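Participant: Sharing the record's features from TrEMBL:
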- 532: active site (ACT_SITE)
- 492, 504, 532, 581, 584, 603: N-acyl-D-mannosamine binding site (BINDING)
- 584, 594, 596, 601: Zn(2+) binding site (BINDING)
- 53-390: domain 'UDP-N-acetylglucosamine 2-epimerase' (DOMAIN)
C-alpha cells in the first residue's frame, strides 16, 4: 500500500498523460470473501494510486458480511477503500441447495447495482459460486469482464465454475504458463490473455515484517517458537461433502495426537461448512490447550504465520499456491486441489482415509524447510495488470470471439488409456541420419528407428512421414500413448509456425520448409519444431543438469557447434529466431574460415569439422600417426584420429586440441559476461575433451563475479531425441516444479 501511495504522489508531480477531458476507465472490483480479497487488494491499491487513469468502485458481497466468518468487510475499510455497495447474498443452509439459492439471490440484487455504477469493466476473481453470479450478471448487462486466475486446474466443482467464468470473461489474467496454455486451448483470444503472475505474490515476496514474533504470540500464545506450530485450513468438498467431513475429523484427530500448537481457521462458506464447525466443537478444539480456532486472520499477518510455521495442513489453495513462496512444508489432503501446479514443499495425501496416514504425513513434513518457489508469480503482477487495463480499447466490439482450431476427423481408437505410458514421437534430423524414437514421460527411449537422411526435400519428407507412421503404430504394441511429435533439426527455425527458415550446409534442400502441416495432417497429432541446439537445452531442462535451474546455457560440441539458452526457466529464441547461435561467436579476428562465411568463429576452431580439417593437414604432412596408431589405406581421416594421436603423445595434435578448447572457453567467457548463467552444460561427443580447458579459460579470463559458474558435461545419452520429446511433453502436459 505504501509503495502505491508513494507512486501516486510521484505521478501527481508529473505531467498528466491524459488531458482533463480524457476518459478514465471506470473499474468495478467485486470481492466475495477473505481469500479473493487477498488477490484483489494489490490491484485495488494500484488502481487507486493512478486516479488520472482509473475510477474505482468497490462492491462487497458474500461471506465478507457474515459475522460467523469474521465480518471481513472491515479489513477493506481499514485499507481505506470506500465500499460503494454491500450486498447480503448468502442464504444460510447446510447443503448444496443453499449455494444455488445464494447465486440466485446475488443475480436478483446485482442488476440494480450495476445499472447505477455503469462500470467500463468488472474485475472478477477465481472460482467461487459468488464470482459466477458476478460474471453472469456483468456479461448479460454488456459489461466487460476481467477474470483473475483463469485457466488453472483443481478439484471439485470449482473447476467447472472457473472455466464457466472464463467463457463469460472478455479479458484474462493468469498466473502460470500452464494456465495460459489452458486458456488458449479453451479457444480464448491470445491477445486478451495476460500472463502476469498472482497479485498476492506482490505482497508475499515483499513481506519483510521483522516483528513476526509478536504476530505469532498474538495468535498462538507467548510460548510458541517459529517452525514449532501448525496452520490448519480445510474446506468442504462440495462434490463429496460426507467424505470431506470425515476427512476433517481424521485431520483433527491426527493433529491432537501430533501434540503441536495449531492455529485452525474456520472453513469457507460452502455446503458442509456448518457440519465441519460442529466437528470442531464436538472435539473441543476451541477450548483445547494446543489449539487456537479463529474465523479470520488479516492477510498481512497470515503471511507471517504461514511463513514461519513448521507445517501447513488442509486443502486450501493457499497451501499449494502462496505458501510455496516461503518454502514452508504443506500437507495437501484429498482431491480439492488435484491438478494444481505445486512446488516440492507440497506432500499430497490424496486418499486421506485414516488417521495414521495423516499423522505419518505430519511426521514427514513438520519442521522441514524447502526452497522457495515462484511458480505463481515474481512479485510484479500489479504493474502488468494496470498496463493491461490501460490498453483496453472500449471502442472494440463487446462481443468476444473464440479462436477455434481447425476441426479434423478423429481417427484415434476409443480405448482406455489410463494405464498407457504418456509418450512423444521424437524426430532428430541430422546431417547424416534421420532418427525417430518413442520417448516416455520419464525420458526413456522405448523404441528407436534410424535411416540415412535423404539428400532431397521430397525424399526426406516422405521418409519422415513413413517412419513416424510406423512408430505411431508400434506405440500401441508397446503400450504408449503418443501425445504429439517433436522435431529437432539443424538451422534456423520458426517454432511458432513449425517452419525451417534456413538450414545448415550439412542438410541440403531444407529452407522455408513447413514441417508441422504435413506431419500433423498425416498423424492427426500436434507437431512442434525447433533448432537442435534449443532442443538440447530443453532436454537438459527436463531430464538433465538443467532441471530446476533458472538460468543456464547448453553448448553442443559435435560436427558443428550449437546451443540453447534458458533464461528464467524459458527458452530464448530471439526476435528473428537466431538466438543461441553460440558456435558463431567470434573469438579471433583473423582465425580460420567458418562455414558461415565469417572468420574466427568458435565452430571454425572446435567443431568436429574443424578438428577433421586439422587432422587431414597433419596426415597429409605425415605428422598425424604416432606409435600405437594405425589406419587402413582407404579409411577417411577424422577428428577421432586427432584425439587418439594427442592421447598417444602427438605434440602437434595436442596443441590443436588445446587451441580448440581455448577458443571454446573464450566463447563461454563471452556468454558468461553477456547472460550471467549459473550453469553451462557441455553436450555432444566432444564435450568431455573440452570441459577441463573451458574451466581453465574461465578462471584465467572471466570476471571474478562470473567465475563461480558450474561447467558440467551432459549425462544424457541422446539429448537431440530427448529435446525433441521435451517439445511435446512440456506443452501437452501440466508442467510442475
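Even glycines carry a Cβ here, placed using N, Cα and C.
TrEMBL: automatically predicted annotations, no manual curation.
I would like each feature placed in context: is it buried or exposed, what are its neighbours, and how far apart are things?
Facilitator: Under a cutoff of 8 A between CB atoms, and with a sequence separation of 6+ in the same chain, the neighbours of residue 532 (active site) are 428, 429, 430, 488, 489, 490, 556, 562, 720, 723.
Within the model, the domain 'UDP-N-acetylglucosamine 2-epimerase' (53-390) shows a mean pLDDT value of 91, rounded to a whole number.
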Participant: Output, ordered by sequence, the same-chain residues six or more apart from residue 581 (N-acyl-D-mannosamine binding site) with a CB under 8 Å from its CB, or 'none'.
Facilitator: 533, 562, 563
Participant: Please name which of the binding-site residues listed here, 594, 596, 601, is nearest in space to residue 492 (N-acyl-D-mannosamine binding site), Cα against Cα.
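Facilitator: Closest by Cα distance to residue 492 (N-acyl-D-mannosamine binding site) among the binding-site residues 594, 596, 601: 596.
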Participant: Name them in sequence order: residues not among 584, 594, 596, 601 whose Cβ is within 8 Å of the mean position of the Cβ atoms defining the Zn(2+) site.
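Facilitator: Neighbours found: 583, 586, 595, 597, 598, 602, 603, 604.
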Participant: Roughly how many Å lie between the Cα atoms of residue 584 (N-acyl-D-mannosamine binding site) and residue 596 (Zn(2+) binding site), rounded to a whole value?
Facilitator: 8
Participant: Once the chains shown are all counted, how many other Cβ atoms turn up within 10 Å of the Cβ of residue 601 (Zn(2+) binding site)?
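Facilitator: So the Cβ neighbour count for residue 601 (Zn(2+) binding site) comes to 29.
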